[in-house]
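**Student:** Right, I'll just put the structure down here and ask away after.
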Amino acid sequence: MSAQSVEEDSILIIPTPDEEEKILRVKLEEDPDGEEGSSIPWNHLPDPEIFRQRFRQFGYQDSPGPREAVSQLRELCRLWLRPETHTKEQILELVVLEQFVAILPKELQTWVRDHHPENGEEAVTVLEDLESELDDPGQPVSLRRRKREVLVEDMVSQEEAQGLPSSELDAVENQLKWASWELHSLRHCDDDGRTENGALAPKQELPSAVESHEVPGTLNMGVPQIFKYGETCFPKGRFERKRNPSRKKQHICDECGKHFSQGSALILHQRIHSGEKPYGCVECGKAFSRSSILVQHQRVHTGEKPYKCLECGKAFSQNSGLINHQRIHTGEKPYECVQCGKSYSQSSNLFRHQRRHNAEKLLNVVKV
């Protein structure tokens with residue numbers, strides 16, 4: 001049975017009040033003897049991600065009463081965290097990982113989840129690897145631009161692999177292009193869209209998607225304006241964007257029958273079923289789904305720090321670490337709170353700051 005089909009119709013909760021054990025059973029396909037429902041061993045359970053989603057999406061209306069609701073939530077949580085097989089530290093990492101992925105932008109959530117990280121450190125490595133791919137100063141501009149395009153296509157393919165309706169793919173592609181543009185750019189400019197040396201931001205490097213997800217077949221911009229996004233500023237001018245013709249989906253998954261327009265999307269999708277991680281570390285045996293992630297991981301063993309700050313000479317193993325460090329020298333604070341206007345150099349600091357606003361709102365609600 002595929003992970004997708006299990007997710008859609010796999011869990012049968014038995015909430016009868018007089019039962020001594022409130023357990024969750026997994027619905028299996030009918031076996032040769034005609035038996036349909038049975039509990040299954042831990043090593044044959046579906047992906048814990050399925051139970052995590054069920055745990056988070058569970059509603060009070062799904063149970064006959066409060067006692068049954070707590071019992072069902074407890075069972076779903078147990079099937080997600082699996083205390084019978086995981087240590088306390090592993091369970092803690094799973095909870096931290098879930099929260100970390102939840103606070104990411106939607107397009108990055110998809111990217112991270114496709115790599116199936118087992119803890120927060122692996123999730124960070126996935127994102128740092130993406131950022132390095134998008135912003136390698138040692139490569140020609142044309143090659144870096146092409147890398148961004150390929151990665152955007154790859155990320156859109158992953159949305160396809162997870163069953164996103166084709167009508168929404170253009171909107172997702174726009175989100176991803178903005179995200180890749182923000183990750184790639186380190187240019188500073190004024191209100192005229194000029195860089196620090198007075199030159200206009202190159203028009204040919206503008207991303208092809210703008211402002212809204214509701215982009216028509218042809219997009220015309222009127223009077224030039226300044227559009228600021230994250231760390232980048234540039235003048236908006238008149239240009240057109242035409243949709244690509246719909247692509248024929250000719251790659252089929254043998255497990256669940258889903259169709260994909262690109263072979264790479266099918267390969268990524270099939271890892272959902274297989275859990276394949278073909279790239280293993282010879283030092284510690286840890287396996288990864290992508291060779292680029294393995295390269296990043298190996299720096300833990302080698303101590304390699306190829307990214308060096310030209311200001312002070314400090315070196316970093318990840319390009320994202322260098323980018324964050326350089327803000328100490330530049331004083332750059334690209335992360336701004338929309339509620340009060342306060343700016344921060346690190347997104348994590350902005351997140352903590354915004355939690356304070358949320359707490360204040362909650363207190364106001366309680367007082368009322």
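Including glycine, each Cβ sits where the backbone N, Cα and C put it.
For Lys22, Lys27, Lys147, Lys177, Lys236, Lys277, Lys286, Lys361, Lys367, the entry in Swiss-Prot reads SUMO2 cross-link, with the evidence type similarity to another entry. As annotated by Swiss-Prot, SUMO1 cross-link applies to Lys27. Swiss-Prot lists 52-134 with the feature domain 'SCAN box'. The phosphoserine annotation in Swiss-Prot covers Ser132, Ser142, Ser274, Ser292. The zinc finger feature in Swiss-Prot is assigned to 251-273, 279-301, 307-329, 335-357; the stated evidence is sequence analysis. Annotation comment: Swiss-Prot describes 251-301 as region 'Necessary and sufficient for nuclear localization'. Positions annotated as phosphotyrosine by Swiss-Prot, on the basis of similarity to another entry: Tyr335.
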**Student:** The zinc finger (335-357): mean pLDDT?
**Tutor:** 83
**Student:** Run through Ser274, Lys277, Ser292, Tyr335, Lys361 for me and report the recorded positions whose CA is within 10 Å of the CA of Lys286 (SUMO2 cross-link), in sequence order.
**Tutor:** Lys277
**Student:** Pick out which of the modified residues Ser274, Ser292 has the most other Cβ atoms within 10 Å of its own Cβ.
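**Tutor:** That would be Ser292, with the highest Cβ count within 10 Å.
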**Student:** For the recorded sites listed here (Lys277, Lys286, Lys361), which one has the lowest count of neighbouring CB atoms within 10 Å of its own CB?
**Tutor:** Lys361
**Student:** What whole-number Å value do you get for the CA-CA distance of Ser274 (phosphoserine) and Ser292 (phosphoserine)?
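**Tutor:** It is 20 Å, counting Cα to Cα.
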**Student:** Does DSSP put Ser274 (phosphoserine) in a helix, in a strand, or in coil?
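**Tutor:** In three-state terms, Ser274 (phosphoserine) counts as helix.
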**Student:** Measuring Cα to Cα, tell me the gap between Lys277 (SUMO2 cross-link) and Ser292 (phosphoserine) in whole angstrom.
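**Tutor:** Cα to Cα, Lys277 (SUMO2 cross-link) and Ser292 (phosphoserine) are separated by 12 Å.
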**Student:** Reduced to three states, what secondary structure does DSSP give Lys286 (SUMO2 cross-link)?
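**Tutor:** DSSP call for Lys286 (SUMO2 cross-link): coil, neither helix nor strand.
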**Student:** Please list residues from the chain of Tyr335 (phosphotyrosine) whose Cβ is under 8 angstroms from its Cβ, counting only those at least six apart in sequence.
**Tutor:** Ser343, Tyr344, Ser345, Gln346, Ser347, Asn349, Leu350
